[in-house]
Amino acid sequence: MALLGVNVDHVATIRQARGTNEPDPVTAAALAELAGADGITIHLREDRRHIQDRDVELIRQTVKTRLNLEMAATDEMVGIALKVRPDAVTLVPEKRKELTTEGGLNVALLRQTLKKHIDLLKQGGISVSLFIDPDLEQVKASHRIGADAIEIHTGAYCDAACAATRSKELDKLTNAVKAGNKLGLLVHAGHGLTYFNIQPVAAIGGIREFNIGHSIISRAVLVGMDRAVREMKDLVGGA
């Protein structure tokens, strides 16, 4: 059964919109765990637009499952990770003007820089995942430079405008998952997944973990964190 990592970034987004102390993503992370989340994901962006350094430190201290820290592959972020010691790091591309992460890392192009950071993180006892598009060359490149895991970007599947395109993107996801498994990589998936589109991806098999944020937090606003997490966990595990 696949695991569910709950991303609480958007709780911090609401807080930062008013410049106040609430809602607190630290509390949201605890509630998600109580509802059955298998892990907590947070993205400390270079511009600190939502998650702040204090959030990372406090969630690290209070999380009872496992903490996955998403971050750019920079010296600053690697230093923070080595200090805070999350259970896992997911390296992602960042653009200052993007609303959310727009695509996967070009591992083949950035292999030297990424390998340097991967080696440092692994020496610090931190598992490293790379956020990549469902492209077989990127899967192979991730394996070659020593990643422990890959997180496959599901955005193109989620944004597909018609059934034919969606089916094509689902095939790409399936092939990337199979390739990752064959190479011995842990395979995760995320980005744009909702209560309405998760099941075909969960049915692929071979995906160890789904990291989902916006959809869960959006539903939690209406029905509460407990119900929102439990409903998504049922979909992830019961496909």
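Numbering starts at 1 and runs along the chain as it is shown here.
Placement of Cβ uses the backbone N, Cα and C atoms for every residue, glycine included.
Non-local neighbourhood of GLY192 (3-amino-2-oxopropyl phosphate binding site): THR154, GLY155, TYR157, CYS158, ASP159, HIS214, each in the same chain, at least six residues away, with C-beta under 8 Å from its C-beta. Secondary structure at GLY192 (3-amino-2-oxopropyl phosphate binding site), taken from DSSP and collapsed to helix, strand or coil, is coil. Swiss-Prot lists ASN7, ARG18, GLY192, GLY213, HIS214 with the feature 3-amino-2-oxopropyl phosphate binding site, giving sequence analysis as the kind of evidence.
Annotation source Swiss-Prot lists 1-deoxy-D-xylulose 5-phosphate binding site at ASP9, HIS10, ARG45, HIS50, THR100, citing sequence analysis. Mapped onto three states, the DSSP output places HIS10 (1-deoxy-D-xylulose 5-phosphate binding site) in helix. Cβ environment of HIS10 (1-deoxy-D-xylulose 5-phosphate binding site): HIS50, GLY213, HIS214, ILE217, SER218 lie under 8 Å away, each six or more residues apart in the same chain.
Here Swiss-Prot flags HIS43 (among others) as active site, proton acceptor. Just so you know, the Cβ of HIS43 (active site, proton acceptor) picks up 24 other Cβ atoms within 10 Å once every protein chain is counted.
As annotated by Swiss-Prot, active site, proton acceptor applies to GLU70 (among others). In this structure, GLU70 (active site, proton acceptor) is part of a beta strand by DSSP. All protein chains included, GLU70 (active site, proton acceptor) registers 27 other Cβ atoms within 10 Å of its own Cβ.
The site 'Transition state stabilizer' feature in Swiss-Prot is assigned to GLU151. In sequence order, THR90, SER129, LEU130, PHE131, ILE132, HIS188, ALA189, GLY190, ASN211 make up the list of same-chain residues 6 or more apart from GLU151 (site 'Transition state stabilizer') whose Cβ falls under 8 Å from its Cβ.
Swiss-Prot lists HIS191 with the feature active site, proton donor, giving sequence analysis as the kind of evidence.
Around the Cβ of ARG45 (1-deoxy-D-xylulose 5-phosphate binding site), 18 further Cβ atoms fall within 10 Å across all displayed protein chains. Counting Cβ atoms from all protein chains shown, ASN7 (3-amino-2-oxopropyl phosphate binding site) has 27 others lying within 10 Å of its own Cβ. Neighbour counts were taken as the number of other C-beta atoms within 10 angstroms of each residue's C-beta; across the recorded positions ARG18, HIS50, HIS191, HIS214, the minimum falls on ARG18.
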